[in-house]
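Okay, so here's the structure we're looking at.
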Amino acid sequence: MFKWLLKHHNQPHSLQLGLLDQPLPFWKPFLLFLPALLTTILFTIIPFFLSLQKGFSANSDLYDLSSQSFSLRTFQDLFSESNFVLGLRNSFLYSLISLPFSIIIAIVIASAIVFVYKKLLRGFWQTVFFLPYVTSGVAISIAFVYIFDSASGILNTVFNVNTKWLDSGSRDTFNALWAILIFGVWKNLAFNVLIISTAMLSVNPQLYKVASLDSANPVRQFFKITLPSIRPTLIFLTTLLILGGMQVFPLALFENKPEEAVANGGNSILLYIFQQIQSGNTNLAGAATLVLFVLGVCYGLVLRNGFYLIEWLQWKIKQLYVQKQLTLY
């Protein structure tokens, strides 16, 4: 009897349990989740289905749902638009080129923060590199406008060239794309460095100690321990960069004038959608939105599966190497 009383006396009561351990009615966590759910439904799901409906419809009236008819004519008109083709080219090239540069530069800087600087300075350097992320986007855009100014820009002055980056007057030029690319890589660098450096600091330090005992140099430890350990983080960042790259919106570099961006080679899919909505061409805007969605999904699937394909090829190469070594003995 005494043991039973002692056992039940030591058990925690409901008031002593943590918040996550206490039984809660369904409506309490649902109320916390409800704002995010409503935001997603109102600003993501409903607009997506409206875009789907307008992209395959021949009726240009956004609110007239009674006379809708299925048609692919909108997509035919879309791909015959030269502005859309140029925007598609710029968005795809931006996403393709900015992805490796953003990841590689962020990995190098994060490695320097984690492995070079002392522990007391890690937080300081993380804060320094994260400052651009919290800086006003308008201020950053104005700074880059001065950097790429063709008359007295910093870039042309330093390299003693006269390249017209943002005011070339040609829709087909790649000069504006390079300016947008540099601006985008720098803008995303702060967030990427913070995420990758945090992932590197979470790697088990015992792995490095064991590797040091096995005479593995820091470079080998980086490629054999650090990179495989942060692979989920790299896949996550890759997905974000793909989506962000396809949705590039360089309007701020052209003084918020869509016509200036298009006339000087700074068009993109998202900018094209913005222009069509301003003009009231909801069918073309909906079709372009669907094309952007399909391209983003396909591009993301190809790159994500590429990671697994590379791992599978590495495993097969190691397997063949081991089998070859066994046959020699």
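Note that Cβ sites are derived from N, Cα and C of the backbone, with glycine treated the same way.
According to Swiss-Prot, the protein carries these features:
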type	residues	note
DOMAIN	88-303	domain 'ABC transmembrane type-1'
TRANSMEM	30-50	transmembrane segment
TRANSMEM	96-116	transmembrane segment
TRANSMEM	128-148	transmembrane segment
TRANSMEM	176-196	transmembrane segment
TRANSMEM	234-254	transmembrane segment
TRANSMEM	283-303	transmembrane segment
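Counting Cβ pairs under 8 Å to the transmembrane segment (128-148), the stretch among 30-50, 96-116, 176-196, 283-303 with the most such contacts is 176-196. Residues 122, 125-126, 129, 181, 184-185, 188-189, 192-193, 196-197, 200-201, 218, 222, 226, 234, 237-238, 241-242, 245, 303 of the same chain, all 6+ positions outside the transmembrane segment (96-116), place their C-beta atoms under 8 angstroms from a C-beta of that stretch. Sequence-distant neighbours of the transmembrane segment (283-303) (same chain, 6+ residues past either end, Cβ-Cβ under 8 Å): 48, 50-55, 57-60, 74-75, 77-78, 81, 84, 88, 91-92, 95, 99, 238-239, 242-243, 246-247, 269-270, 272-273, 276-277. Beyond its flanks by at least six residues, the transmembrane segment (176-196) meets 90, 93-94, 97-98, 101-103, 105-107, 109-110, 113, 126, 129-133, 137, 140-141, 144, 148, 165-166, 168, 230, 233-234, 236-237, 241, 244-245, 248, 250, 253, 261, 264-266 of its own chain at Cβ-Cβ distances under 8 Å.
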